[in-house]
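Student: This is the feature table in TrEMBL:
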ACT_SITE  32  active site, proton acceptor
ACT_SITE  217  active site, proton donor
DOMAIN    334-457  domain 'CBM6'
SIGNAL    1-20  signal peptide
Ligand code: FUB
């Protein structure tokens, strides 16, 4: 009996390691998740905590984007916007929590510049390039640029768009149809301040002993079944996630309580993003686990959940395994970008004009896993686009995990340089059905090679 128990525990531990899915991005530090579904794909906009923290504070210059069609494999689109896109702003560090929305084929990315208010960028594609349509900030207004962070945008059924934001106050404007200006005939030159009552946002005792509402920052506004939801970081610092609901977007809001409590591996900030995709509901947040507990180096995580029958949101437990099941399989017979990753160890991604995004910083024994790969009736050949400046490097192709069954190995060889891309191929043990696939990188020293895309035949 005891033996059975021990082997079950070992089995579970094995499964746990293999399917570790949170945080969902391991190649950069990402925070402040903002999911958006467009044309069957879920795009995830994030902030980007730099690898090197300056002056023990948030060090954030860029906004990044990732996408998925299965909720387990995430394709890295790199930096899609940066503080440099706002020529009028002198701020060089402060690319805080954004949100993107589509309207009439244009994508509007609302970007808070910490210390310089909320700005907007526009693009014809969800992954950019984004440009600044205004040449000045969008929100002119609360006379306190610290308040003007964390925009969340929402288009109601009647077509009226709203932009909410703020820490520790909560404000909103009614955006005009162009999405880059707002109705200035209401409130304070267009800006409405939400009444911060305890009925609306609950109450808690701050660190200074004063009572206040739990609302802190990071609002996320949406509507479901005629009920308006406002989810936010609460009772900071450390922050929990709480939410309020209302019968109308203007309120009155009613406090509904915490939905993610503090946990040791969560950072001192947290930030919600909620979305439905392919019939499931997902809750995005961030933790500091990947950096080993550094609050200025956070990483986005996701949990699947179900609303309670009365529409309330259940308590979210931050897990290691995250999303257990993919919502669709990956077709390995189409070109797959190497930066499509379910889990990786040791890798980074880079972007250049010629190649786009590729996987780099590859050292001996680093690996990447792609999940739910559907080989169907069988793959016999593996092809990959790689660039290397020496011989003696290879990719082991294994099933499931770095120690899984070896089905082939690709000799990378010297292609003439780390930007000289060549398509290499190797034969495989025949593999059929659906598997997770693990590419394990082998070679003697340093940065072994770069990896752009792969495909099975
Ligand atoms: O990431 C910088 C700030 O930390 C965000 O704007 C807040 O929501 C908090 O996550």
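Counting starts with 1 at the first residue shown.
For all residues, glycine too, the Cβ spot is worked out from N, Cα and C.
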Student: Counting Cβ neighbours within 10 Å across all chains shown, tell me which of the active-site residues 32, 217 comes out on top.
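Tutor: Most Cβ neighbours within 10 Å: 32.
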Student: Express the distance between the Cα positions of the residue listed as 'active site, proton donor' and residue 32 (active site, proton acceptor) as a whole number of Å.
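Tutor: With the alpha carbons as reference points, the distance is 11 Å.
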Student: Run through the domain 'CBM6' (334-457) and tell me, per DSSP, how many residues are helix, strand and coil.
Tutor: 0 helix, 72 strand, 52 coil
Student: According to DSSP, does residue 32 (active site, proton acceptor) sit in a helix, a strand, or coil?
Tutor: strand
